[in-house]
């Protein structure tokens, strides 16, 4: 049988009490009320052990001392509750928390700790050895409301005091000295973990920005590189046909306008993260680009194209055909596509130092991101081979 957590009913009860105290609170005010009530209950539980000595003083006839101790205890409880409120939801802000004080303004933190120390000393005088335990609450309050170094100094002083009293007088258990040290250490661990989470979040955000920037740069390069290459080839062809075949020249210029508009739309879609590429559409573009460049194209049947890697195959085909048109000087280009592999081979001049530019580098990154591998080489028979291969259904490549 699953046992529900104990803290949930308590937390829910405190929330209901806070809502009754302020029926229509602002969000910040409601949070302050819930934290204050939580701190009040926590402090009350911790300080219950002091009620018995006060009652004992009253029964022994020391009524003025009992009344004074009760007043000190009430004020001590109120200040402790204001410091323990953030314990419900720690607000480690640059090494300290802001006390949830029961007044409309924030008291200086040192004043709160100093007041608690004075009250602890007074209760020790009034109640004897029993009041020494309140020193632990002073250290705990310092842990919650003071920066790391200052709270550490208070904790160290409190621990030294309790150790000295325990060793020389045996008035307090020795383990009392380690309670504030453990609290301070836990608070410091929590603060550092919070800083680490924030640093991790920032790094992840920066990496996401860099990744998105690289994606946009890669997509813009692939879109504009291909389109501008085809536009350049068609413009040169139109200039040559202007005197001999004006109607064909006008047709080529109409294609240039269409390509320019498509490139502009592609850039807009890329910036908006909506850019979609498919192998079928890139085959049509490849046929147009190769024909305009005077390169014989051997392309697969669109009806036989695979679907699994259609998008990444489309990017490979786009960049490979751009490379053929721009750099190869080829007369023939052959494209082969299987379910797991695409290759583009031409009979041009092969690879050179300037061929492997940012386009193929970006393509290699894109293929690697999809889990594949890219091969760019000059076969023994000459020309250039660009091939991308991806894992098969059983994980083989």
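Cβ coordinates come from backbone N, Cα and C, glycine included.
What you are looking at is a predicted structure, and each value in this text was computed from that prediction instead of being measured.
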Per TrEMBL record, range annotated transmembrane segment [choices 67-87, 193-213]: 67-87
Where TrEMBL places transmembrane segment among the ranges 36-55, 216-235: 36-55
Secondary structure content, the region 'Disordered' (372-397) (per DSSP, counts of residues): 0 helix, 11 strand, 15 coil
